[in-house]
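Notes follow the structure.
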Amino acid sequence: MHTGGETSACKPSSVRLAPSFSFHAAGLQMAGQMSHSHQQYSDRRQQNLNDQQASALPYNDQIQQPLPNQRRMPQTFRDPATAPLRKLSVDLIKTYKHINEVYYAKKKRRHQQGQGDDSSHKKERKVYNDGYDDDNYDYIVKNGEKWMDRYEIDSLIGKGSFGQVVKAYDRAEQEWVAIKIIKNKKAFLNQAQIEVRLLELMNKHDTEMKYYIVHLKRHFMFRNHLCLVFEMLSYNLYDLLRNTNFRGVSLNLTRKFAQQMCTALLFLATPELSIIHCDLKPENILLCNPKRSAIKIVDFGSSCQLGQRIYQYIQSRFYRSPEVLLGMPYDLAIDMWSLGCILVEMHTGEPLFSGANEVDQMSKIVEVLGIPPAHILDQAPKARKFFEKMPEGTWNLKKTKDGKKEYKPPGTRKLHNLLGVETGGPGGRRGGESGHTVADYLKFKDLILRMLDYDAKTRIQPYYALQHSFFKKTADEGTNTSNSVSTSPAMEQSQSSGTTSSTSSSSGGSSGTSNSGRARSDPTHQHRHSGGHFTAAVQAMDCETHSPQVRQQFPPGWTVPEAPTQVTIETHPVQETTFHVPSSQQNVPHHHGNGSHHHHHHHHHHHGQHVLSNRTRTRIYNSPSTSSSTQDSMDVGHSHHSMTSLSSSTTSSSTSSSSTGNQGNQAYQNRPVAANTLDFGQNGTMDVNLTAFSNPRQETGITGHPDYQYSANTGPGHYVTEGHLTMRQGMDREDSPMTGVCVQQSPVASS
C-alpha cells in the first residue's frame, strides 16, 4: 500500500484499485494514506463476504444476481440492423432512401395544407393589393381576363425586375398589343414614369415611327399598377441567334441591323432628346415581323437623358463600356460601345466579351484591345480595381487573386482572327459565300474597332458611322451588292454635269401587327422641286420603314446658330428631310488635291443617260461608292420580290459661304436603312446608282473629326442622282444568308 501511495504522490491522478473505488493521493500525509488503506481493506472484505453468500445460493438464483461487472452492461441489445455503423455503411443506400421518403412526405403534406383555405401562409399572400398581387408586388395575371372592358389578356410573355409583360387584344383598336405591367411598388413606379416620359418625348419627335424605336401607344393605371401599352413585336435578336444554333447571321444581315441601329442612335442623339439607352443588348432589339429584318429598340427602363444621369451601375455586363466599368462620367457613347459588341455577336454567334464579373470583363476587353490609354486610367476612380500603376507611369493588368484564370497577353486576341477576316469568316463557316470577301470583312472590322474605341471622346458617332464604307456599295468590287443597304447620311460627290438630285429609299420599321400612323408610298405624290415626280411601285408589306426626317446631330465642333441655313433633300415620295447647316460653319477649310476618277457604267439608265459613280474622298476610304437598297422577303424556299422599278429625281437647295468669298454646296443625305428583310430564300437583286456632282479640285473637311473628309464644290450648283432599281433573277440570285433558320410565331415582349 505504501508503494501505491508513492505512486499516487508522484502522479497527480486517480488510481482505480477496485471497481467503484478510487482515491486521490496528491498532497496526502502518511496518516491519510493509512486511513485510506484501512478503508479499502474493509470494503474488499465486505465484497468477498457478499460473493461467498452468492455462491451458497441455488444456481438459478445466482444467475439473477448480476456480478459487479455485469451491472454496467445493458440488459437489452438493439437490433443490429438499426446500428448507426451498419446504417452508414452496409445499409447506406437504404438510409438515404428513407430520408427521401420522410422529406417528400413532409413536403407533400405541407403542399396539401397550402391548398386548404385554412392555411395562414396562403391567406397572407392573398391579402396583397386586395388579392390582385403576389408577395413580389407583381400583378397576378389571369389568362382571359378583361381589363377596363377593352383589353383581353391572352398570356404572360415576359417577366423581369420591373414587372411583367402580357400579350393582350385591344378591342377598341382591333389589334394585338403588349402591355408592360409595372410592379406595385413606389421605386418601380418612379422609374417607369421616367421611361414613360422618355418614350412620349421620342414619340413626339418620331410621329411617323421611322427611327426604330418601340412605339408607346398609351399608358394607364389599373389596380395600382402602371401599365404601358406597346405595339406588338416579334423575336428579339438573341432568339434569332438561338435559331442559328449560335452560329451567327450573315454579314449582309448584320449590316442591315447595324444601319438601323446607327440610325436609331443618331435619332437618340438629337439635341432635344440626348437620350442614353443604357442597356443595349440583343434581348432589347426586336424584329418587327419574324419574316423581315426591320428592328426596333425596346426597354428604356434604365434610360436617362444627358445631364440627368442617376445611376452608376448600368448596362448589362457583356456590353458594358470601359468608362462605366472604370466609374467615369458617361454619355451617349456608351450605347455605341454596346452596339459594337452586339454586331460582332450577331455575326459570330458568341459574345465578344463574356466576363463572369467586372474584373473578368475588363480582362477580356484587354485581351482584344490592349491596356486602356494612360490618360484615361489616370482619371478613372476605379482604375486600381483592374490595373496597377508601374513606377515609370505605365499601367499593367492586375494579377487575378485565384490565379486560376489565365488571359492572353494584352491585345493578342485579335478581332481580325475572331471575325475570320482572311479565313472565311467565324470558324471558316462563310468561306466562298457571296458578300463575305476579305474586303467586306476589313470594312466591318474597321467599323467595329471605331465603335470600340476606349476613349469615348474619339469613339465614332452615329453620324459618321452611317457614312462608313461598310454601308456603301463599291463599283470596283463585288461587295455589298444584292443584299446590302446604304441609306446613310452620306455626303457623296463626283464629277459630272447635271443639275438635279434624287435619292432612293426603301421603307421599313413598323410592327408586323400594327399599321397605325404609317405613311405609305404614294406613286403620284408631287414634290416641290424642279425635276418631276418621284415615282415608285412598292408592294404592300407587313413591315415598313421610311427614310427619317432627322434633326441632324452636328459633327463634333459644330454649334447650332440662331438662324441656320436649311438644306432640303427629298428622300421619300411622301416626306422630305431637312437638315440645319449652321451658317457659321459653312466656310470650312478647303483641301486641294487631285484624285483618280472612277467611272462605272451601269446597265440601266433612264432615257439613255450616262451615269457616273460618285467619288467619296476620305483619309481612310477612297474607293468609289454607290448606294443600294433592298426590300427582300424571308419566305423560306421561295423567291419573293417586294419592290419593282423605282426612279426618282429631286433637287437640293444650295448653301453659300460668304466669309472668304467662296461659295460652297453641301448636301447631307440622311437615308437610314430600308426595311430589308431576313433573306430566307433566293431573292432578286436590285441595283441603285447614286451620283452627285462636285468640283474635283476642292474638298471640304468637317472640323472636329480627323478621320473623314468630304467633297464640296465651289460655286452654286445642284446635285443629281439617278436611281434605277432592276430585278435580276437567275445567275445573279444570292443564297439566303439565313437559309435553314426555323422561324416560329412566338411574339416577344416589346419592352
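In case you wondered, yes, glycine gets a Cβ from its N, Cα and C as well.
Asp279 (active site, proton acceptor) carries neither a helix nor a strand DSSP state and counts as coil. Listed in sequence order, the residues of the same chain lying 6 or more apart from Asp279 (active site, proton acceptor) and placing their CB within less than 8 Å of its CB are Asp299, Gly301, Ser302, Ser303, Ile314, Gln315, Ser316. Look at Swiss-Prot and you will find Asp279 tagged as active site, proton acceptor, backed by sequence analysis.
Ser161 (ATP binding site) has a Cβ environment of 8 other Cβ atoms inside 10 Å. What Swiss-Prot records for Ile157, Gly158, Lys159, Gly160, Ser161, Phe162, Gly163, Gln164, Val165, Lys180, Phe230, Glu231, Met232, Leu233 is ATP binding site, and it gives sequence analysis as the kind of evidence.
Annotated compositional bias 'Polar residues' per Swiss-Prot: 59-68 (among others), in sequence order.
Look at Swiss-Prot and you will find 477-493 (among others) tagged as compositional bias 'Polar residues'.
Residues annotated as compositional bias 'Low complexity' in Swiss-Prot: 494-517 (among others).
Per Swiss-Prot, compositional bias 'Basic residues' is recorded for 589-609.
According to Swiss-Prot, the compositional bias 'Polar residues' annotation covers 611-622 (among others).
The annotation compositional bias 'Low complexity' is assigned in Swiss-Prot to 623-633 (among others).
Taken from Swiss-Prot, the feature compositional bias 'Low complexity' covers 642-660 (among others).
Here Swiss-Prot flags 742-751 (among others) as compositional bias 'Polar residues'.
Annotation source Swiss-Prot lists domain 'Protein kinase' at 151-471.
Swiss-Prot lists 59-81 (among others) with the feature region 'Disordered'.
Swiss-Prot lists 104-129 (among others) with the feature region 'Disordered'.
Annotated region 'Disordered' per Swiss-Prot: 477-532 (among others), in sequence order.
As annotated by Swiss-Prot, region 'Disordered' applies to 580-667 (among others).
As annotated by Swiss-Prot, region 'Histidine-rich domain (HRD)' applies to 585-613.
Computed over the region 'Histidine-rich domain (HRD)' (585-613), the whole-number mean pLDDT of the model equals 39. Residues Ile157, Gly158, Lys159, Gly160, Ser161, Phe162, Gly163, Gln164, Val165, Lys180, Phe230, Glu231, Met232, Leu233, recorded as binding ATP, reach a greatest CA to CA spacing of 21 Å. Packing around Gly163 (ATP binding site) is summarised by its Cβ count: 25 other Cβ atoms lie within 10 angstroms of its Cβ, all protein chains included.
Cβ neighbour count for Phe230 (ATP binding site) (all protein chains, 10 Å cutoff from its Cβ): 24.
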